[in-house]
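Everything on this sheet refers to the single structure shown next.
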Amino acid sequence: KTKKLPLPSTSGEILSKKEKTSGEILMAAPTSSASACSGERWPPLESSPEVFNQFMWSLGVPRGEAEFHDVYGLDADALAMVPQPVLAVVFCFPDPPEDPAAPPEQVSATEDKESLDEVYFIKQIDSLGNACGTIALLHAVGNACSEISLVVENSGLDLFFKSTASMDPYERARVLEKDDDMARAHSLAASAGDTEIGDIVEEHYVCFTALNRTLYELDGMKGGPIKHGPSSPESLLQDAVNVIKTMMQRIPDSVNFNVMVLSRKLK
């Protein structure tokens, strides 16, 4: 089973060779998309709301407070169906080949360390292996918690965020690396997915969040948060999608993409 995401550009749709007849690019279904970074303590997390919700709820976000949902397309009609308000956007995509000709401004944007005082950011160190998805989840929930009360007091997530609040990204990574409860919850969530290990495609997770009227891309493999211009809680989804479309265009022959949102449940 697959989902389709239109891949528009200013000059028409950018399509993989496989999908030119349909006018759309295939987007990997939750049951066939997983991130693969490496490591046994942190197995790959399948890119599905069910997996991310089980992980998040087990660590202290009440079921009635927030929930991950799939985004089934990037067109206006599909985005209109996404439950609001959106607290964060999580994008799973294949690692593009390194481009040595990348412009200097693109490289420097990944090192925006001045934002570290404003944004909760965790560095993905080598020993964290396949923790791409876990770090994206922590980025999503951690930065949402800076705006609203989202986690149960003294829960796993609450204790983790409080204990690492004043740390730098590398120190947070080392705490995560040694957190047995977090690793256990991660493994349980990973085992709940439908993807067979042999079917895993090498992919990576990033998170988008809006803080202080700014859109941030949070990628643990980078040196710091990446600023993408003005944003707000109301425009976060559309602003993130605009960046995601650009990222997809850099990998035109791939169909392994998945987008999820973390949405607040209104009472």
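Placed from the backbone N, Cα and C atoms, the Cβ positions cover glycine too.
Curation plays no part in TrEMBL annotations; they are all automatic predictions.
Pulled from TrEMBL:
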- CYS132: active site, nucleophile (ACT_SITE)
- HIS204: active site, proton donor (ACT_SITE)
- 41-264: domain 'UCH catalytic' (DOMAIN)
- GLN124: site 'Transition state stabilizer' (SITE)
- ASP219: site 'Important for enzyme activity' (SITE)
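The distance from the Cα of the residue listed as 'active site, nucleophile' to the Cα of GLN124 (site 'Transition state stabilizer') comes to 7 Å. Neighbour counts of Cβ atoms within 10 Å were compared for the recorded positions CYS132, ASP219, and the top value is held by CYS132. GLN124 (site 'Transition state stabilizer') is 11 Å away from the residue listed as 'active site, proton donor' when you measure Cα to Cα. For the recorded site, the residue listed as 'active site, nucleophile', the DSSP three-state label reads helix.
For the residue listed as 'active site, proton donor', other Cβ atoms within 10 Å of its Cβ number 20.
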